[in-house]
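Since the structure comes first, as structure tokens, the remarks are kept for the end.
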Amino acid sequence: NSSGSSTFRWPVATNIDGNEILEIQVFNYSKVFTNRLIGTFRMVLQKVVAEGQLEVTDTLIDDNNSAIQTSISIEIRYQALDGTVGSAWNDKEFLETPSVHSEGDGRYSLETDSLLSGHRHGSDASPGKSNQQSADRSFRRAGKGVFSAMKLGKTRPSKDEHRKQDDPAVLETEDLDRKAMRYGAGLEPDTISLASVTAVTTNVSNKRSKPDIRMEPSAGRPMDYQVSITIIEARQLVGLNMDPVVCVEVGEEKKYTSMKESTNCPYYNEYFVFDFHVPPDVMFDKIIKLSVIHSKNLLRSGTLVGSFKMDVGTVYTQPEHQFYHKWAILSDPEDLTASLKGYLKCDIAVVGKGDNIKTPHKANETDEDDIEGNLLLPDGVPPERQWARFYIKIYRAEGLPRMNTSIMANVKKALIGENKDLVDPYVQVAFAGQKGKTSIQKSSYEPLWNEQIIFTEMFPPLCRRIKIQIRDSDKVNDVAIGTHFIDLRKVSNEGDKGFLPTFGPAWVNMYGSTRNYTLMDEHQELNEGLGEGVSFRARLLLGLAVEILDTTNPEINSSTEVQVEQATAVADNCSGKMEEFFLFGAFLEATMIDRKIGDKPINFEVTIGNYGNQVDGSSKPLLRRKKEGGDGDEEESELLQNSSDDEGGEDGELVSVSSSQPMKPLVTDRNYFHLPYLEKKPCIYIRSWWQDQRRRLYNANIMDKIADKLEEGLNDVQEMIKTEKPHPERRLRGVLEELSSGCLRFLTLADKDQHHSSRTRLDRERLKSCMRELENMAQQATALRSQVKRNTMKDKLKLVQNFLQKLRFLADEPQHTIPDVFIWMMSNNKRIAYARIPSKDILYSIVDEEMGKDCAKVKTVFLKHPGKRGFGPAGWTVQAKMEIYLWLGLNKQRKDFLSGLPCGFEEKKVPRGQNLPSFPPISLLYTKKQVFQLRAHMYQARSLFAADSSGLSDPFARVFFISQSQCTEVLNETLCPTWDQLLVFDNVELYGEAHEMRDDPPIIVIEIYDQDTVGKADFMGRTFAKPVVKMSDEQYCPPRFPPQLEYYQIYRGNATAGDLLAAFELLQIGPGGKSDLPPIDGPTDMDRGPILPVPLGIRPVLSRYRVEILFWGLRDLKRVNLAQVDRPRVDIECAGKGVQSALIQNYKKNPNFSTLVKWFEVDLPENELLHPPLNIRVVDCRAFGRYTLVGSHTVSSLRKFIYRPPDKKAQQWNMAAKHLNGCLAMTSRAHRSRPTGEIVVNMEPEVPIKKMDTMVKLEANSDAVVKVDVTEEEKEKKKKKKKGGGGGGGGGEEVEEEEPDESMLDWWSKYFASIETMKEVGEEQQSGSDAKLSPTEGSKAQAKNKDKDKSKAPKDDKKKKQQPGPELPEKKSKQKIDELKVYNKELEAEFDNFEDWLHTFNLLRGKIGDNDDNATEEERIVGRFKGSMCVYKVPLPDDIAKEAGYDPTFGMFQGIPSNDPINVLVRVYIVRATDLHPADINGKADPYIAIKLGKTDIKDKENYISKQLNPVFGKSFDIEATFPMESMLTVAIYDWDLVGTDDLIGETKIDLENRFYSKHRATCGVSQTYSIHGYNTWRDPMKPSQILSKLCKEGKVDGPHFGPGGRVKVANRVFTGPTEIEDENGQKKPTDEHLALAVLRHWEDIPRAGCHLVPEHVETRPLLNPDKPGIEQGRLEMWVDMFPMDMPAPGPAIDISPRKPKKYELRVIVWNTDEVILEDDDYFTGEKSSDIFVRGWLKGQQEDKQDTDVHYHSLTGEGNFNWRYIFPFDYLMAEEKIVISKKESMFSWDETEYKIPARLTLQVWDADHFSADDFLGAIELDLNRFPRGAKTSKQCSLEMVTNEAELPMISIFKQKRVKGWWPFVARDENDELEITGKVEAELHLLTAEEAEKSPAGLARNEPDPLEKPNRPDTSFIWFLNPLKSIKYLICTRYKWLIIKIVLALLLLIMVALFLYSMPGYMVKKLLGA
């Protein structure tokens, strides 16, 4: 018979229908199998609904509906919404939080018990009283974490743990579940949060809400951003024969590429950088616009071909903040009907300060030609975007502020006699780089527009926010009144069940600066939407709709200009029914008021919208509305302040009281004042009218609460991991359980309000999508829960973090309802400081989940300065701390508005409301008060902020509680003060009931200051705490007392600034006075004066530890106060004890210490988490015994240096070896004890496995032999293959390629092959998606894979060839070249900074100025200390010292090398730089290398590379250096300038010393294979076998023993491998080197001594510029070899000079053309004909275009040419690029080298004599991949261009000679490709040498002339043969025409002569001749 006695509650949001059924199922619980259903009980609730209370006992029924013997007893109560039914529940019970009413919190007790304290107890408590006691006890000693961002009195784990050792550590789950059932939670044990056990979040009485500790607003602060855009090339531009230029626009700035002539696929490869210093919001709204313009020049602006727009924010949200090598689709905004206008390939990256961008490796791009698969669009955006219209409807606004001075208004009133509203508003909407505005409504506080602004933009748009601004039109200054942003992601959903963006019609509230009008508003930026608004400005009713355009429709208006037109007005009630809301607030405390304002009376004003604003609120009633009963329009502006006679309108109607009475503050201490509220607490209440859209806020609240719970749970889990509590995975499972039940609860609650009349479309759609998302999340959480295991914790935790972000995103409601509440502190009617409280947080609902989280709770609020004044140090000081109680709800639900206040008060009302019960009070008079004593145990703080220039601080803490404050003593010169001080606050008076105090004490504020000798103390940080409370009737005994010390995180602004270790207890002073309190015992230190130390039970238990310090040396010390550091010394201090290093006599000569190891002993807490930090300080000893501090470093956690002696059980060697190596840092590695069984690892260097970098890792006790031995014949085959190795990375892909011999291969072949491998490994790892890979590679590979899937299937075949999968034969053929490892990061990142035994500690200087707070750590570094430390409990076991070769002077640091100066040859190889930041105006740079090491300074200035941002240097430099003086290598890239100084582009610094001494052997990387000649010669002077024996000797490892048959044994491992080597002459010699190398490459598998050795590599280092901290200026690929000078000298450096391009000559013979379209009409006969010629070029039209002669008058489109072009060019095989050098412009100083793709362009033209020639068509052939020409003209078709993917491609470099027919194509009017002709051509490629041997002439000239073309006679060649053509004209065609013309002419001449001579004759006749 089990008695459970559990209580379950269902807050139901609608009245229960009498037909609903209650169902109870009883299960048999099983740990392993699923729970078995025993039986079910069902009951119709009719009776319950009628009576309200019912007790039932009934039998259960099983599945077959037959009764079984078990019976169940239940009691049911029900109260309807209106409270009508049943007197069973008193009101109180219904209103309070549903929790078991016990003193301890019954709900949360169980897990407390189980998970944390870890003992059973109360498991047999009988139901009823004892149960509650046990719950209570367990609640009080709940476990807690040691770290927490905000600890408000977490309850402490029991003190009696050590007494109960015999109990199991963690209860069995079954137990927990039983307990859970009993404690009436019915929850799973894991679901209760650690934090909720404490009194922070879910308190029993739940009267306080959690304060927010971060103070500073971060939104409006400007930051550095850099947008870098590379325009690579464009393809398929629409248009004929264009000269394209690309214009790149970011925000307002424009830059242009150079112009490429006459091509549709220009190749630019130009890099642009835009720098900005603006707030993030402004940055992310900037539009990036890329447009291609045709034929722009100085005179004309050119015509737009197409453009592409995207906002910066979209780029920033991409993985790595960038798009890399993606194709942007160009469209023409003027022509909506047209399809796309081409593609533009570019990289876009946006970097903020501190982001580091990982650029994917630049290698030979072959995949990128797949345009469709690599579009420049975020994931999830479809490639075919359509045009859409965005309609933004602006209806009306209200509540606008005055925007004009009243003086003007008075003048006007005097003159004209009318009173006008002083504002002329209009609305401006900005979206996607365009702006539109409504009309101006003159003089109106409540303007009515009803207009819509229409934008036409692609959908989905790549710009996320629509900015809507109400502005005031004014001739002088046209300013913003308020700004609102609509985030399109929040008002649309892209899923399959998604919806287009939609909004409203709904009101949006705008916030900004205070409403009083001044001409120069200092907070104007707030109105522009930057930063947090400090006051309500206006509300605007608006709507948004989107329609996708059907571009085929002919009527459509194709312009994209913004249009404004009238919109239909909406009904008044569309945005909800007007309801009267009631806001009540009570001020319980106002303390910590800044002393600057403490001298004048202070009052507080609360406003909601314009209601309650008496200083500068509305100038008119806000809404014209009738009250239900009365008819008077009440005007708020006439309200007098609290004058009691007219308090309340007629018939007891209440009038708002919105501000407290002014009161003069009293002094708390030097910095702060407080208001003496004592027992009389002022109240405010405001009535306001808003549209009732509470449902929106309710849904948001439910989601917020789920998210809060989830966040709290995640913090718990992280804390458990951090403090190494057992079973964090259980807690995570609980969190997931909680999450899924929360989500399901949302589904039931949110669904019930479906039929609300005023719900907008967005409300409906959002609800649907939220419900889908949460349902989905619930399922995923449930699924995840089962997958959470100990080892998968980390990954799953990340996934759950994503849930949290998703929830926060969903909870943000875009359609506002009730404006936020502002609390202003006023002094003398001036606004001083404010707090803003979102209205949803204080909104009341009868359903608990929907209630705002601060509704009816006491909230601690810190008031801050408005606007910019809140930035920086000024904003960190608190202006005032308020304890305030707020309640906001419908006026009709008003009766419970006081329910959450601390009890024990009388209401004081205005006279009118005296006898009305629900009338709000104007003040509360507390009759109950409790007296307490607060004890603050301030133990220590750590990692504080350095406030003095010395790099230290003089910290003291100031503790505030209620209106008292006390300080600890000042400790000088430390960042880790151990105050060890008890502060006692006597007679602390708290108002309210005693039991509430116990669970909800007020919070304590602790501020930490730096004491200065002059001036006031500097603020260093703040934290909060909640005390543990003991009432006078409780015992001072475990588990709660004495309290334990905890860490509280200290914040300074938004940044963390250390931790405080302290404990706080609040003890009630009972009737017996203070004598009842526990005595304050403890040694009162006489020397410390009256200071009380922290008592014994609370201070930590200490043990004796020894701290050994290894002093190695000091590096890079900067000057101190302009003086050089000469004789430095290091002081180490920890917990008051310490040790000093030896003095360095002359820092210049030798910066290393003479004595290496010193130690001191110190008492440290047993609990490692409480260990104090260790301080390292460097001082410079000057003359006369003076010291100056150089810099300091705090080691905040000693954990990594603690050495724990191993168990005796472990084997001997496992024990001592770790520190004998000095591998202290690596103690974290799990060393398994391995038996000495042998393990055989067979190696053959050329294993394909290497490709994927798979390491053969074997367990020690396994006996595996990995056979990869290869027989001799195979080796022979291999060698033949190896002779191949196709030219670098590009080769080796096609199998038919003839293989170049070994001599062809060089270092670059190796490099390119390695890069290919790197990319492949990335991809293969991706395909096995669970592979662990570095985030960068992963995301990239993912991106790549996505692209692959999109690409068309046919392309995939081609791809398979390019990335051989494991099963493809090509894999073998590629593995011909030995490879090296290319790291796309610094080597240090891969090998843990080479701090395996020597650590580097950065020494920081203190702050220099005030603005220095945001200075990066980099800028404060003044030098570095090298050394290490080891901390262990004394005494150590003896066996350590007995180890062979133990040297007591070195203590734990055995076997470390000497630190005497050593000479080293440093060889620096610089391969290339990528993505350099342009330094010249033309967007380029002329980079050269500068290397600095010690005194050596190499500037390779003469070898600068002209105008290149991706220069290939290929150089090596040898430098001789002496460590330790010269150990910091700086490699810089400078920009060469002809005049002026050279600018630094960026530099990188490498600490060579750590590399040199590292166990990872970073002096010279170990190659993959050993060879003694060729491109892969062994570079190290020591052979592998010598290196191996040295390593074995140093690590005290047995070996190496070389055996017969190619075996070598090291420790207990056996490696096998080849035993012969071939010298240059092909002779074979026996050798052990291969074997030794095999061991070196697997050195990490050797027990004890093993660690990864650095392989032969190239590292990629970011270049940084000190002027632009944190922003990468490019990357440098390089590596460094180091050789000690006392060893044999190394050979010459490897030659890595860049490959010289090879000279080739391409001969193209154009034989014939056919079917060329006929363009001209004949003059005389009108026949169609063309005068054809063919033009061709290889490098660019300007450089080397060649034309054939003209075939005149071709009537059929046939042309015969027999014409030869000759194109000499330089070609880089490895990169498949042609190299050309030319001067960039006439003014250029030198030639610039360009690399362009090898593409041959042939064009067909129609020659015209007088006008310009007409372009007919073109074909472009990529010489590496082009379709084979057709055999005949007939077979030549358009397919050859459009369908390239399916045709076999050939490369001219392999074929050498190709002949065939190719089509000429051009686009017709409809942008369709069409054939415009065919050309028969022959391509012949020769190397320069071959070309010299067999020369050929240009055109048809000697040598090797081509025969003349056979062209028919008719052709109209009247240049070549004028007489013949004349004869042809005259004799045949135009004979009769000519005769007729001649006759006519004769006739004309005769008439003319007649007329001419007629008059003369007449005269003669008349005069009588």
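Placed from the backbone N, Cα and C atoms, the Cβ positions cover glycine too.
Here is what TrEMBL says about this protein:
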type	residues	note
COILED	764-791	coiled coil
COMPBIAS	157-167	compositional bias 'Basic and acidic residues'
COMPBIAS	631-653	compositional bias 'Acidic residues'
COMPBIAS	1293-1303	compositional bias 'Acidic residues'
COMPBIAS	1344-1359	compositional bias 'Basic and acidic residues'
DOMAIN	207-328	domain 'C2'
DOMAIN	371-502	domain 'C2'
DOMAIN	916-1041	domain 'C2'
DOMAIN	1088-1214	domain 'C2'
DOMAIN	1444-1565	domain 'C2'
DOMAIN	1686-1837	domain 'C2'
REGION	96-171	region 'Disordered'
REGION	619-661	region 'Disordered'
REGION	1270-1303	region 'Disordered'
REGION	1320-1374	region 'Disordered'
TRANSMEM	1936-1956	transmembrane segment
Request  = For the coiled coil (764-791), find every same-chain residue at least 6 residues outside the stretch whose CB is under 8 Å from a CB in it, and list them.
outcome  = 493, 495, 497-499, 502, 699, 703, 706, 729, 732-733, 736-737, 739-741, 743-744, 746-747, 750-751, 799-800, 803, 806-807, 810
Inquiry  = For a three-state summary based on DSSP, what are the helix, strand and coil counts in the domain 'C2' (1444-1565)?
reply    = 12 helix, 53 strand, 57 coil
Task = Just give the helix, strand and coil counts over the domain 'C2' (371-502), going by DSSP.
result = 14 helix, 56 strand, 62 coil
Key: Averaged pLDDT score, the domain 'C2' (207-328)   = 84
Remark   = The correct DSSP tally for the domain 'C2' (916-1041) reads 6 helix, 63 strand, 57 coil
Query = Tally of helix, strand and coil residues over the domain 'C2' (1088-1214) according to DSSP?
reply = 12 helix, 56 strand, 59 coil
